[in-house]
Amino acid sequence: MKVLNHNLHSTEFYCFIQVAAAMLIRYSLDRWLFGLDNTGDVTKSLNRKHIVQQAKENLGSNIRLVTADGSLDCQLSPSEQEMIVYPLILAEVHIALSLLAKSGVFVLKMFTLFETQTISLLYLLNSLFKHVDIHKPVTSKPGNSEVYVVCKCLLAEVSDNILSLIQSALDTGGPLMSLSEIPRSFLQQVRTAAAKFKDMQEQTITENMSTYGTQVTFISNEKYAREYLSRMRLKPIPADQSVVVMSYPRTKPVKVGDNFLTA
Ligand SMILES: C[S@@+](CC[C@H](N)C(=O)[O-])C[C@H]1O[C@@H](n2cnc3c(N)ncnc32)[C@H](O)[C@@H]1O
């Protein structure tokens, strides 16, 4: 079950991605939830309630896996990324913990791990799940700060008190608890992880700057798309192996360079 904010961006830059996303949604509309106001915005309490209710109705109470990959464009204030995405991450955690059955797994995308808000959220997850690991998979660009928090084996169904605590933090934007309430050994582990991921990112950015210089070169999206298609040797997925069931005639293919993308 996927949840996303389907507000379409207006710039040409996102046009191609929007077309592909719109085609995917069109062919799998019955598997999407957009919340009560139909915006898909999970930071709104009414949408979260609606999504949780609908997901339980559709999937039953034994939900074993929730993934959350939300992010926002922070290019204009990269140094604020961690706090800009915090309400979205909290909202995703609120939904996941409202849905997951005992022993369930939650995978959450986060970014840098410096702020009290982030550290206290990690501590809460660490208290609720048997194992919590933070990964930077090879498929994640080394030059960005995204990491994946993998929480395995929820110890017990999450109580209303915990959900209310998260709701209060969502209302205020503050941390779930103060750092003084968190054991020093846990703070040390987060500090070590935060420094390691920061070092990896810093090293990649430094290497990129020495390779490409600091001058920004604009290469057309079409050129990138063409290069990607050729390097990855992408081929159409045979109809019988497609995840999305095609119940409509295929739409006109979108041309990217010399290649066509169809849904
Ligand atoms: C990295 S993309 C996720 C892509 C997704 N995993 C996929 O395969 O389509 C981040 C997504 O977070 C969504 N997002 C940002 N703010 C949101 C919000 N308040 N509520 C719901 N989704 C949001 C964005 O619209 C974007 O689609």
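Positions of Cβ are set from backbone N, Cα and C atoms, glycine also.
Please treat TrEMBL annotations as automatic predictions, because they have not gone through curation.
Taken verbatim from TrEMBL:
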ACT_SITE  Lys109  active site, proton acceptor
BINDING   Asp69  S-adenosyl-L-methionine binding site
DOMAIN    1-156  domain 'Adrift-type SAM-dependent 2'-O-MTase'
Applying a 10 Å Cβ distance cut-off over all chains shown, what neighbour count does Lys109 (active site, proton acceptor) have? 18
DSSP-derived structure type at Asp69 (S-adenosyl-L-methionine binding site), helix or strand or else coil: coil
Give the mean pLDDT for the domain 'Adrift-type SAM-dependent 2'-O-MTase' (1-156) on the 0 to 100 scale. 90
